[in-house]
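Participant: Straight from TrEMBL, here's the annotation block:
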- 12-30: transmembrane segment (TRANSMEM)
- 57-79: transmembrane segment (TRANSMEM)
- 85-104: transmembrane segment (TRANSMEM)
- 111-130: transmembrane segment (TRANSMEM)
- 150-171: transmembrane segment (TRANSMEM)
- 178-203: transmembrane segment (TRANSMEM)
- 215-235: transmembrane segment (TRANSMEM)
- 247-267: transmembrane segment (TRANSMEM)
- 279-299: transmembrane segment (TRANSMEM)
């Protein structure tokens, strides 16, 4: 019965996590569409301090969609392991990229398409090999977990490292080193996910009619979550304001997800009963998602398609049949390429004359 219930909760958490990514990814498109409509009307733009978007229904639809996504993500942690829910958050980037190519006419280049495919494959592998966390159904059990010496040491180290980065390293190097503010967001985020997990359990108990509000851990978790989320938002906004978004997003995803996986493994002992192939599969899926997100963001401004591939890979049928051609013969098959070759030779010959030497071919 317990095993059946665990599978049922896992499926609910998986559906909620994927729904969260769809809602959050779609919210960016709705908000952008609303802002573009206002720009066409001549209203003062949000970047210039305008607030006309508050009268635009598409913007509100995007805000509600994001709210629904965050609620679904919050609920997913109550049913599925954080090791599964957190990496699936990358799918919101994927959804946003795909929808923007359809509804905002933003071109998705070859790197982006490969990145989307890799993200989907990596997420699938992680779902197949996702670990089963130790069942924690009450706040008393959660309190016992939080008091475990391993987690206490981890949480203490996170707080100390965060304070050093905030008070010492941040003022000196935060404006020039991209890792400072992102590391603060990421390590604090690991604790915020633990708080979300605990509050999810509290909400489930509340619906079951238990006196959750009288339990001190509920209020401790709520206060801790407020502090952690406020800190994350503050320093993530600083990082986005200083550095390029296409660089911040993948780095933040990698460090944040790694921190959450580490915290979850220590708190819920998710990796103790995993087989070797599941451990390898989980890490492989995670690394595949990382590569996909990197390709999607790092090269999004590069206009690269299949048409940009080398000439010999697209037009030379004889090379495909095993015939080895010289570069000179390949250029002779195309008049335009021959002209380019002649121009190159002329340039090299002129350069050779200027250097007082003859160019040999």
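Placement of Cβ uses the backbone N, Cα and C atoms for every residue, glycine included.
Keep in mind that this is a model prediction, so the values were computed, not measured.
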Participant: Where else in the chain does the transmembrane segment (178-203) make close Cβ contacts, counting only residues six or more beyond its ends and a cut-off under 8 Å?
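Facilitator: Tertiary neighbours of the transmembrane segment (178-203) are 74-75, 77-79, 82, 86, 136-139, 142, 146, 155, 158, 161-162, 165-166, 169-170, 212, 215, 217-218, 221-222, 224-225, 228-229, 231-232, 235-236, 238-239, 242-243, 247-248, 251-252, 255-256, 258-260, 262-264, 267.
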Participant: Sequence-remote contacts (6 or more beyond its ends) of the transmembrane segment (247-267), Cβ cut-off under 8 Å?
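Facilitator: That would be 81-83, 86-87, 89-90, 93, 133, 145-146, 148, 150-151, 154, 158, 178-179, 182-183, 185-187, 189-191, 193-194, 236, 239-240, 286, 290, 293-294, 297-298.
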